[in-house]
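Q: This is the structure I have questions about; it appears just below.
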Amino acid sequence: MLQTEMKVIQQTEIADKVYELILTGECVADMSPGQFLMLKPSRSDLLMRRPISICSYDKTAKTCILLYRVEGDGTRDFSKLSEGDTIDVLGPLGKGFDIDQTPAPKTALLIGGGIGVPPMYQLGKELAGKGVQVTFVNGFQSAKDSFYEKEMTAYGTVHIATVDGSLGTQGFVTDVTKNFPEEPDVIYSCGPKAMLQAVKASFPETKTYLSLEERMACGIGACYACVCPKADDTKKQFKVCEDGPVFRADEVSL
């Protein structure tokens, strides 16, 4: 973990209220798929950092890409960043996805919902680099909310589900996966809790990893704001920011 400043290379709105923020800094060297950064807004009245998932990184170039949706004052503040600006960053944080499994999987299904789609990109890139056959399933409310379909096709097959049917399959991600003829060797998923519950229920026998989206305050496990009950004893809890955000599906009670 490192508190540092990163410099803005570029920022672009790539979907409705969804921004692609490209940063450069030394902390990129320590990043792994599924981790996140805690960004500090520039406004003095916004005291809490905001957690943003790492979409991708290039350790040679020392750059990373964050995708986020403007939902409040903090992310609205980030959306005003431009080339050359600096931002106070804490990270990379959390335990990411396990991609070095034994035996190595031959097929992987990566399921993302909304702003849970970004961490699937780097994960898919690294799995594909290991020779794994990758399938992405991305869920959005509408076509105007969708992003990174073209980028993901470089590493696997991409399926889209939209609630209003304006792009891809009408419905939810599970309306896509229920038609797949075979189950994958491993599943990775990130998105809203209801989606993760549906994914977990749909593939009870498949090794599944879930990246949980919880509101965070500190990002380092000190404040207990982002807890999740353990599956084997719901009176005990994981700290999502420190113990996760990625967990085996059988570890957590959603």
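Glycine residues also receive a Cβ, built from the backbone N, Cα and C atoms like all the rest.
Reproduced below are the annotations present in Swiss-Prot:
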BINDING   R50, P51, I52, S53, L67, Y68, R69, G74, T75  FAD binding site
BINDING   C218, C223, C226, C241  [2Fe-2S] cluster binding site
DOMAIN    1-99  domain 'FAD-binding FR-type'
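Can you tell me where each of these features sits in the structure?
A: Within 10 Å of the C-beta of L67 (FAD binding site) there are 22 other C-beta atoms, taking all protein chains into account.
According to its DSSP assignment, C226 ([2Fe-2S] cluster binding site) is coil.
Look at the domain 'FAD-binding FR-type' (1-99): DSSP puts its residues at 11 helix, 50 strand, 38 coil.
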Q: Taking the Cβ of R50 (FAD binding site) as centre, how many other Cβ atoms lie within 10 Å?
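A: Within a 10 Å radius of the Cβ of R50 (FAD binding site) lie 22 other Cβ atoms.
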Q: Using the CB centroid of R50, P51, I52, S53, L67, Y68, R69, G74, T75 as the FAD site centre, which other residues of the same chain sit with their CB within 8 A?
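A: Here the non-site neighbours turn out to be L39, L66, F78, I115.
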Q: Between C226 ([2Fe-2S] cluster binding site) and T75 (FAD binding site), find the distance joining the two CA atoms and give it rounded to the nearest Å.
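A: Cα-Cα distance, C226 ([2Fe-2S] cluster binding site) to T75 (FAD binding site): 19 Å.
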